[in-house]
Amino acid sequence: MLILASASPRRAELLKQLQVPFRQVSVDLDESVKSGEEPRDYVVRLARAKAEAGWRQEGHVDPVLGADTAVICQNRILGKPADENDFRRMLTLLSGATHQVMTAVALRNDRGLQHRLVLTDVSFKVLTRAEMDWYWQSGEPTDKAGGYGIQGLAGRFVTRIQGSYSAVVGLPLYETAELLREQNLL
Ligand SMILES: Cc1cn([C@H]2C[C@H](O)[C@@H](COP(=O)(O)OP(=O)(O)OP(=O)(O)O)O2)c(=O)[nH]c1=O
């Protein structure tokens, strides 16, 4: 059975849309950025590392999917906010601007390790202080790259998206289906 190497409930929900049976495991990884590493290299490296870690952890038998999402603004990688100040710093960068969401998905099986990288542009309205306060109070930002979730309350801040909605939420469905089909898993 396919394995999703992710603790994210959102990724599991998205993968269900592909109607392939899977089980979910979590893997523990160092997610720090290497010095001088380009954002796209970083998300690809992490997605591949998650798939590889799952493959090793679960005994090199079942195919394993891993994914990683990062929000890139002014060539800076915004991870999950460490605290409220960090959240405000991130939302101030995103306010009234267009940023890029990078999601990589990787599939490891006995034939090797494949991946896809998906880039999506997301534009935000100008955010007021009151909107930032309200959004922080909701509790939603804490576990999300860039400090927001497009699928939740922050949906109202998004004026435009160009690319893959499912990739922004955490798992690009078209590209994941493509990877699975190539390996005769779909
Ligand atoms: C930008 C954005 C991110 N996110 C989420 C997707 C990811 O779950 C998370 C980015 O962190 P990740 O480190 O990619 O993933 P994760 O730690 O949640 O799960 P795992 O490593 O176990 O697979 O932010 C949203 O849910 N909505 C959004 O609009």
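The first residue you see is number 1, and the count goes up from there.
A Cβ is built for glycine as well, from the same backbone N, Cα and C atoms used for every other residue.
A TrEMBL annotation is a machine prediction, not a hand-curated record.
Record features, source TrEMBL:
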ACT_SITE  Asp68  active site, proton acceptor
SITE      Arg10  site 'Important for substrate specificity'
SITE      Thr69  site 'Important for substrate specificity'
SITE      Gln151  site 'Important for substrate specificity'
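Fewest other C-beta atoms within 10 Å: among the recorded sites Thr69, Gln151, that description fits Gln151. Here Gln151 (site 'Important for substrate specificity') is compared against the recorded positions Arg10, Asp68, Thr69, and the shortest C-alpha distance is to Arg10.
Sequence-distant neighbours of Arg10 (site 'Important for substrate specificity') (same chain, 6+ residues apart, CB-CB distance under 8 A): Gly149, Gln151, Val169, Gly170, Leu171. Following the DSSP three-state reduction, the secondary structure of Gln151 (site 'Important for substrate specificity') is coil. Shown in sequence order, Val43, Val44, Leu46, Ala47, Lys50, Thr103, Ala104 are the residues of the chain, 6+ apart in sequence, with a C-beta less than 8 angstroms from the C-beta of the residue listed as 'active site, proton acceptor'.
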